[in-house]
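**Student:** I have a structure here, written as structure tokens, and I will follow up with some questions on it.
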Amino acid sequence: MSEQRCSCCARPLRRKLVLGTAAALGGGLAAGLARAQNDLLSPFAPVKPKPSAAGSPIAASPAGQAPAGSSAPPSRGGVSFPISEPRNMAEQTVSAIASLCRRATELAAQLDKLKAEIAALRGKRAELIAFMEAEMEDYRNGLFCSGCNRTKRDILSKGDTFPHPGQKIIAPTPEQIARKEAELQRPIDQATADLNKHGKDVDAIDAIKRDAQDQVGYGVLLWEASVGYERVLILRDTKKRLDKLLAEQQQIQKTLDELRSKEFATKQAGELRLLEEERRMWLDVQRKRAQAMQQERANLQQESAAADRVRVDEQMRLVEVVGNSKVGLYVAPNLSGRSPTLDAQSLGVRFRLGKLLARSEVRTGVVHDILPSVERFVLTYKQNGI
């Protein structure tokens, strides 16, 4: 009887032969083969490498993990986030830090301008006060021209004679003194008001700039937590796949051992031939599983190398944008990430993803709440990153 072959590839259809052999050899082996067929991938189809997400060096999330944005509560020992979640958080954090640094540089420029204006206003105010004191001294001493109602000091400063020809020196009335004093006091009061306003502006802008500095610090902590979580999930996902393949290998080896025992025990040539055929099939499956494990390890190396390159690029960008800004910090982000055993604040839970205090919030002393998305991410890392 000719051997049946597959209609698409002309490969011998050994599955029917194997299952038929198992049935002929008894229910125990048949049950074992049935379990193996359910647990294992097809022996005629090699395991395909896990595809990577488009545009990302990180592999797609494995089956059974919660989708991005899932509200499923985290549980120790299980991954609540897909691998893309810490990558997204890292990228979002880097972008927010860059924005904060630009804003801090703008605020520093505003502070420099205000401080220069304050220095000029103080000088102007001092001059106005000195002028007023000199003018009022002339008024009170009666050094006043009867013709033009100007003081001796003012007339002489213009190069004229005091008093003017045909005029005499008179003492001003109390009303004239009061009017002159009010006239000279007005620009002093305006300069004082401008100084007070500028001082409040400086305090507000300085508080916002300090908030930017604090936020950049928290942002670096959150980035380190993100890359640490990313590393954990890559390793954990690969281990899960390798453990599955190892379990399959162990089941295959158990089946091969059972077949060898039956080969030694059988007395019938036909039965021995069928057992040998079946054992060769399982050896083929075993070989493919070994290849799949090698491929998984290669995938892990590729994924880890690609992820490391992205992290290095982000690290260099953070050092550059912070160093070139006026935020007033020196940062050295850790590529290895931060341990999930640290407290939430040390993992950057207070980072507000680029949001700074507003002027009104500075005046009222408002303290921003922790962002729910950041808090959830950090707590999930603490619970599942170990």
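Here the Cβ of each residue, glycine as well, is placed from N, Cα and C on the backbone.
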**Student:** Quick one: which of 97-124, 125-152 does TrEMBL have down as coiled coil?
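**Tutor:** The listed stretch tagged coiled coil in TrEMBL is 97-124.
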**Student:** Out of 47-85, 164-202, 242-280, which range is noted as region 'Disordered' by TrEMBL?
**Tutor:** 47-85
**Student:** Sequence-remote contacts (6 or more beyond its ends) of the coiled coil (97-124), Cβ cut-off under 8 Å?
**Tutor:** 191, 194-195, 198-199, 201-202, 205-206, 208-209, 212-213, 215-216, 219-220, 223, 317-318, 321-322, 324-328, 354, 356
